[in-house]
Amino acid sequence: MHGRLPLTAQTHRRLVVKVGSAVLSGPQGRQHQLAIAAQVAALRAEGREVVLVSSGAQATGMQKLGLTEKPKSMPGKQALAAVGQPTLMLLWEQAFSWYDLKVAQVLLTAEDLAHRHRYLNARQTLETLLEWGIVPIINENDTVMVEEIKFGDNDQLSALIASLVGADLLILLSDIEALYEADPRTHPEAQPIPYVERVDAGVLRMAGDSPNRVGTGGMKSKLLAAEKAQAAGIPHLLLPGTRPQSIAEALQGAPVGTLFAGGQRRYSGRKLWLYQLPKPQGEVVVDAGAAKALRQGGASLLPAGILEVRGQFGVGEAVRCLDEQGNLIGVGLVNYSAAELARIKRRKTREIEALLGYKNTDEAIHRDYFALASELE
């Protein structure tokens with residue numbers, strides 16, 4: 001048993017709190033929402049900053065339309081989110097108004113955070129909102145998402161946001177009370193695990209499927225979020241969102257839920273951003289010489305080393321670099337689009353301008369914007 005210490009406002013000032021759909025839906029959903037607003041207000045009164053990541057647009061849309069099952073088609077889900085998101089924000093605004101706290105809606109897509117410039121713009125906006133004393137409420141922009149580049153669920157989004165704003169702690173409020181030794185639905189004797197030092201393969205195996213009709217994130221998703229947070233050195237609390245004072249109790253050191261240690265920060269800056277990117281859609285295959293130079297570290301990828309370009313991508317997007325055997329070398333940001341690279345592959349840098357009519361840079365991928373696969377594990 002690991003004794004948990006208090007997480008004070010002095011050491012854990014900036015928090016990201018994610019609320020799951022299952023907590024906000026159902027007959028008790030509004031009561032849970034009001035209780036969470038009260039807890040956030042109490043955190044603010046302690047001098048902490050809070051960014052809220054709220055699921056529930058589709059679940060709220062289901063309630064408004066009287067549906068019992070979520071549509072299976074992507075357009076149906078997007079329309080449902082469009083119906084539910086305004087009401088979800090109104091409910092949050094009303095809940096926080098009891099404590100004279102103002103809120104701001106921030107809708108993001110995976111594509112927003114996959115572009116470095118937009119990523120930094122999002123950070124600046126959130127920093128400004130926090131400086132103004134406003135509670136940012138973030139959700140994935142479901143109405144414009146596409147399956148190939150969506151976050152997957154708000155557990156993953158919350159981990160990215162925690163990294164984006166440099167949070168001291170990530171809190172996931174869920175209908176899942178804690179990480180258990182085994183699935184408590186099929187193993188009633190299973191005990192909750194109060195503390196996890198590191199999310200490894202053994203811990204991931206503890207995750208069972210926990211589907212529900214309104215949400216998308218089960219235990220595996222929460223463990224993957226914890227893994228992302230650990231890479232940034234951010235501790236993560238998994239707490240029961242239906243328990244009125246679960247945040248306060250956990251921050252005081254009570255064995256509520258599961259605390260995942262932050263550990264040593266493995267990445268920072270651009271490398272951390274590359275590690276947390278959604279799966280890149282494009283690929284470039286490089287020759288043996290380029291593969292060796294990239295793997296040894298410190299080298300940029302030049303067009304001459306590119307043998308093949310796969311997929312569609314634009315300037316500044318992330319692509320996977322593969323060797324001729326199909327092994328992943330790493331992930332980097334391209335200085336040319338897929339169409340441009342297809343024209344200048346296997347060519348010398350001095351030929352770029354003649355082939356394209358212009359030259360952005362000599363490098364297809366600069367070494368400062370490339371992370372080896374071994375760094376991303």
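Here the Cβ of each residue, glycine as well, is placed from N, Cα and C on the backbone.
For reference, Swiss-Prot has these:
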BINDING   LYS18, SER174, ASP175, THR216, GLY217, GLY218, MET219, LYS220, SER221, LYS222  ATP binding site
BINDING   SER55, ASP142, ASN154  substrate binding site
DOMAIN    281-359  domain 'PUA'
Hey, does DSSP put ASP142 (substrate binding site) in a helix, a strand, or just coil? coil
Let me know the largest Cα to Cα distance in Å among the substrate-binding residues SER55, ASP142, ASN154, as an integer. 11
DSSP-derived helix, strand and coil totals, residue by residue, for the domain 'PUA' (281-359): 27 helix, 23 strand, 29 coil
From the Cα of ASP142 (substrate binding site) across to the Cα of SER221 (ATP binding site), what is the distance in angstrom? 18
Cβ neighbour count within 10 Å of MET219 (ATP binding site): 21
For ASN154 (substrate binding site), the closest of the binding-site residues by C-alpha position, picking from LYS18, ASP175, MET219, is LYS18
I need the CA-to-CA distance for ASP142 (substrate binding site) versus LYS18 (ATP binding site), whole Å please. 17
So, in DSSP terms, is LYS18 (ATP binding site) helix, strand, or coil? strand
Measuring Cα to Cα, tell me the gap between LYS18 (ATP binding site) and SER55 (substrate binding site) in whole angstrom. 8
